[in-house]
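Participant: Pulled these from TrEMBL:
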type	residues	note
SITE	Tyr4	site 'Interaction with substrate rRNA'
BINDING	His19, His42, Ser142, Glu162, Asp190, Gly191, Asp211	S-adenosyl-L-methionine binding site
ACT_SITE	Asp211	active site, proton acceptor
Amino acid sequence: MFSYRHAFHAGNHADVLKHTALLAVLRHMTQKDTALNVFDTHAGAGLYRLDGDYAQTSGEAADGYLKLLAAIAPPASIENKPVAPANQAQTAMDSAAAKTPAAAKGAKKPSPVAALAPALQDYLDMVASFNKAGSHKVYPGSPFIIHHLLQERDRDRLKLFEIHPTDAKTLAANIAQLNAGRSIAVLPEDGFEALKKFLPPPSRRALVLCDPSYEIKSDYPRVVEMMTDSVKRFPTGTYMVWYPIIPRPQAHDLPRKLKTLANREKLPWLNATLTVKSSKLGHDDAGEVVRPGLPASGVFVINPPHTLKAALTAALGQAAQFLAQGKHKAFEVESGG
Ligand code: SAM
């Protein structure tokens, strides 16, 4: 059984990168009225509490979304005291978040700083819309971010795959509160495999988000297999893969293999990375070796919107600045094809 639970990692720097990019891609794709199909192959639980035990134990949001917020908002507006036990945390939405459109109207925006990059501001506004004014307890996962953009569009369809039985159950319960009917399906299946059944989609417009936990080494080759199969079935789809940048050969090879695939199939691609700290082992005061945790991650997009490169270049430049732990901050947005 998988032990990875995204609740420990929700709102970390990797989520800042991934969710800013996801939002920017979908903003562009939803400009056209034609029906859109979105597939989230590794969906997670959907909603997370930043004040619950999982997030408080790992403290990862403190170095990600909350750090970003603190850098641009006055500290008095950031209230994040624990209020709910962990077992309630993942299913309980803020009453504001249960009704996303109403929540969006009521939510207080962080104080604007001069010239905050539009994609980063959009990301912060989107997370704020899931919370009551001035509160930052709820963090939306990819299913809710996608729904946030599709909710006014009746013809769009969202398919969410989640294999962990507990997270699949929590996700289904969270999605049920949206009363979205047939437009959203939660499928407790292997997302790598199940995607095949749905490509190409009838409307010939789709976004696939592939965001595995990479808990098992076979996730790396499975991403490449899934992408190779998918672009053959449906070459005009937009595909977004998140990957960790860690000192492991499979992780190093993954973006290289995706570039080779895109170039071979003559498809445009974009690779964006965000580094917030050094990958070197450190030592604590007692001389014990301290692992740095995740220092960096990337998103690889095939058939990216033409607006994505400029949007992410501006956003990630600022995100690297705000999220840096020491002098190892960096970002890169590379494209080809
Ligand atoms: N995409 C989510 C977000 O941005 O909010 C986070 C997803 S988390 C990184 C990865 C999830 O994939 C975990 O919840 C894990 O249980 C699930 N998972 C792992 N292997 C899977 C598979 N083969 N098919 C579907 N889900 C899988």
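A Cβ is built for glycine as well, from the same backbone N, Cα and C atoms used for every other residue.
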Participant: Which residues, sitting 6 or more apart from His19 (S-adenosyl-L-methionine binding site) on the same chain, put a CB under 8 Å from its CB?
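Facilitator: Listed in sequence order: Tyr123, Met126, Val127, Pro140, Ser142, Ile145.
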Participant: Grab the S-adenosyl-L-methionine binding residues from the record (His19, His42, Ser142, Glu162, Asp190, Gly191, Asp211) and give me their largest CA-CA distance in Å.
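Facilitator: Per the listed residues, the maximum Cα distance equals 22 Å.
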Participant: Since the record lists Glu162, Asp190 as binding-site residues, which of them has the fewest other Cβ atoms within 10 Å of its Cβ?
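Facilitator: Per-residue Cβ counts within 10 Å for the binding-site residues Glu162, Asp190 bottom out at Asp190.
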Participant: Relative to the Cβ of Tyr4 (site 'Interaction with substrate rRNA'), which residues of the same chain, six or more apart in sequence, are found under 8 Å away?
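Facilitator: Correct list: His164, Ser213, Glu215.
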Participant: Near Gly191 (S-adenosyl-L-methionine binding site), which residues of its own chain have a C-beta under 8 A away, given they sit six or more steps off in sequence?
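Facilitator: The list for Gly191 (S-adenosyl-L-methionine binding site) reads Phe39, Asp40, Thr41, His42, Ala43, Phe161, Glu162, Ile163, Cys210, given in order along the sequence.
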Participant: Applying a 10 Å Cβ distance cut-off over all chains shown, what neighbour count does Ser142 (S-adenosyl-L-methionine binding site) have?
Facilitator: 23
